[in-house]
Amino acid sequence: MHRFLVKLSSSSSPFSNQLRSLKNQRLILPLLPSSKPFTSSSVSPPPSPLNASNRFGYPYSADLFRNLSPLNPNSRILGVNGITSSRCISSEAVRESIEYDVLIVGAGPAGLSAAIRLKQLSQEKNIDLSVCVVEKGAEVGGHIISGNVFEPLALDELLPHWRQEHAPIEIPASSDKFWFLTKDRAFSLPSPFDNKGNYVISLSQLVRWLGGKAEELGTEIYPGFSASEVLFDASDKVVGIATKDMGISKDGSKKENFQPGVDIKGRVTLFAEGCRGSLSERIIKKYKLREEVNAQHQTYALGIKEVWEIDESKHNPGEVIHTLGWPLDPKTYGGSFLYHMNDRQVALGLVVALNYHNPFLNPYEEFQKLKHHPAIKGILEGGTVLQYGARTLNEGGFQSIPYPVFPGGAIIGCSAGFLNVPKIKGTHTAMKSGMLAAEAAFGALHEGLNMNTYWDNLRDSWVWKELYAARNYRPAFEYGLLPGLAISAMEHYVLKGKVPFTLKHGKADHEATDLARKWTPIVYPKPDGVLSFDVPTSLYRSNTNHDHDQPSHLRLRDPKIPEKVNFPEYAAPESRYCPARVYEYIEDEEGKPKLQINAQNCLHCKACDIKDPKQNIEWTVPEGGGGPAYSLM
């Protein structure tokens, strides 16, 4: 039987003392057999090149968290620094309620930076402050995926001595190359990037390190908990979140291992869920936060990435390559990246803007084509794929940032959308937003201020200046690749971002999808199993795992739309834009097409929630701990 070591939070509340006390006992739990990706024509994947220590199965989840609690159903407990917690009783099951000063939803760069800054202020001011971070992934960093050429500006401010504290930031960017690709050639262009002082990193590894720093300062971090609902008080103020119940079968009945979720409350709640956060989007709509500042709709891209181990002779640590052009058509914005990491590893990815028009376009297959370009193939040949993943990213920039403050908290990081598109960087801005929100939250709790100071300080920060200067880059490409390059070059090199106007985005991504009759189907080559691979093989490398016997977290608002609209009018685009083959059309008993949702394949990329032409798919959280288990991304 496979086994893994449960990592438990170094928390300081009596409620979690039982968890902490097990740290020295090396608690071992069984690892459930990993589920193979499911399709109607599923194939057996090859052996994973990752060693067993990189495989994660059933997480240390709500079952473990509650079963270790010493409380009886009628007890009240004293949380961190005097914050009370209580259990709420029903006739069916016990549902706990825990309270903190600050609750952070999501253990990514923004959420962990906020937690660290809060604890720093707590120590500086000698004021007790309880901070909790909940994370839907089985471990901190397990759902984190990014390029990533890291700009350390925010980290320098947050943890000035990180260079002496063994941060996983080791490979300085050594060179920048910018290529325009045709089918067979790569033309060098002047590089608009300046990565001097930046580092080629794995963001999932950096986030793990940040999680450790947050815990050292006293933050309670609970992975394996999916935040499924927002909690409000009688005045419609946000007071926390509810985690998803565990142990519910596909038909909605309670299984023998059923455990109710937990109500986790905060005097201030910060949402740091990443791009297209499910609860963040509800908050934005409920409080009309875009309308508050006349922000435009958000626009997105889908990033697909692999980490390869290549021959030593081809490895140039710190080399950074970006491309435009092939394999994408001139009307589709996007490009690829290839970053040389440490240990003979390279990060290769393709980013495709989700406002593409052709419903036959398949981002996953475009990525497979990319690897056969002579300039890319020459680097990869003889290498081995170590990991695969995908995630959407915000590309709306300055124009699309909503008012980030609501009654009871704020939205931070990529949930709000602080990516600098021409830089292809958002980690440093996400971290800074978390730090600014933390300072506002501390001021609101202990200095008589309010959370609006987050918005004020954000607009006075380098984040705002940086995004304002880059605001016209992405919408310039609404006019096509060449006009976009011309406009962005003029603004970048000549006008230095000081143009007197702001371009608007075009249609929302789902509205940009054309009817299938306007396009010719694209015939993609079959994978060769050496450079290009089928979806089940790639999924195996993502370590994705969900309990099959749970309700689908991918909900159809109208179950008839796939067969009556998407299939006949748009040629089933969900079967192509999803990089995990979650959506698959099969024949029913009468030989008619029927949508089958393979929810267990889901990489949590959120493309379906964004790109579905009729906005019929709603992405919600599955049981805590499900999804990918990235370790290199």
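Just so you know, the numbers here start at 1 and follow the chain as drawn.
A Cβ is built for glycine as well, from the same backbone N, Cα and C atoms used for every other residue.
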>> Among the residue ranges 401-421, 464-484, I'd like the one that Swiss-Prot describes as intramembrane segment.
In response: 401-421
> With Swiss-Prot as the source, which of 140-161, 206-227, 228-249, 514-535 is set down as intramembrane segment?
Replying inline: 140-161
> Going by C-alpha positions, which of the binding-site residues (Gly335, Cys578, Cys602, Cys605, Cys608) is nearest Gly108 (FAD binding site)?
Replying inline: Cys605
> Just the number: how many Å between the Cα atoms of Ile104 (FAD binding site) and Cys608 ([4Fe-4S] cluster binding site)?
Replying inline: 25
> Just counting, how many other CB atoms are there within 10 A of the CB of Cys602 ([4Fe-4S] cluster binding site)?
Replying inline: 25
>> Rounded to a whole angstrom, what is the C-alpha distance between Gly106 (FAD binding site) and Cys602 ([4Fe-4S] cluster binding site)?
In response: 18
>> Which one is it, among the binding-site residues Gly334, Cys578, Cys602, Cys605, that lies nearest to Ala110 (FAD binding site) by Cα separation?
In response: Cys605
> Per-residue pLDDT averaged over the domain '4Fe-4S ferredoxin-type' (593-622) comes to what?
Replying inline: 98
>> Considering Cα atoms only, can you say which of Val102, Leu112, Ala114, Gly334, Gly335 is the nearest neighbour of Cys608 ([4Fe-4S] cluster binding site) among these binding-site residues?
In response: Gly334
